[in-house]
């Protein structure tokens, strides 16, 4: 069991795995995966939300007791992202938002300039902002300085499954951050999630790695276990890396007691 909770702004969560909902073939498959993951916080694209209720995604999250985290997926400018966040606040009655401002459809990488502009406006408007950002320590610090409640650097581009391509930068972000760091995007399998936590991240957000797996529920369970294992390993402290081997058992030295020589 994870020994302490994930705290972002004024909310605490027992699970350090945040799930996305994109890519699931249907709600039944998504439900199985969400239950298996143990997540308590799940992103939803506001453009997919049926604000009138019904039997859709929001009803599912409500039945499972999972907090929805609206995101601004698909937005290409600060103005568009701010408007989408404001619509989400009205539709879902929450001031939390996962902020995404994408530079282009080919890479789905964040537009750093528009991202900071949107973050500044949303923080001023009373939002709890969780920005999806590049693995850039300087940009992460700038977002924190604007008042973001967490920073969410990518491991690799969305949906690639390449894992963490620049672990050193993630470590630098963790080392200088005064807010939670959530590894977001690029996770391909459980070992990637474990590595993120070992590098010092406070949580992992993933979607495609689960929703497009051959067995989404099984992969969700694996991701949950990996996040816990990586977190506990980080707290336990890994041994230093060494160039040469070092025996784990002490060398035994056999000596004769005084007067034991033959003939005496």
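Using N, Cα and C of the backbone, Cβ positions are placed for all residues, glycine too.
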- Query: Can you pick which of 159, 230, 237 Swiss-Prot lists for the same 1-deoxy-D-xylulose 5-phosphate site as 185, 186, 207, 208?
  - Reply: 159
- Item | Close in space, distant in sequence - residue 159 (1-deoxy-D-xylulose 5-phosphate binding site), Cβ under 8 Å, 6 or more apart | 108, 185, 208
- Message: Within its own chain, what residues at least 6 apart in sequence put their Cβ under 8 Å from the Cβ of residue 207 (1-deoxy-D-xylulose 5-phosphate binding site), listed in sequence order?
- Response: 19, 20, 21, 22, 23, 43
- Query: Using the residues the record lists for 1-deoxy-D-xylulose 5-phosphate (159, 185, 186, 207, 208), what whole-number Å value is the largest Cα to Cα distance?
  - Reply: 9
- When you average the Cβ positions of 159, 185, 186, 207, 208 for the 1-deoxy-D-xylulose 5-phosphate site, which other residues in that chain have a Cβ within 8 Å of that mean position? 20, 157, 158, 160, 161, 187, 206, 209
- Query: 10 Å Cβ neighbour count around residue 185 (1-deoxy-D-xylulose 5-phosphate binding site)?
  - Reply: 27
- Message: I need the least crowded one of these recorded positions (98, 186, 208), counting other C-beta atoms within 10 angstroms of each C-beta.
- Response: 208
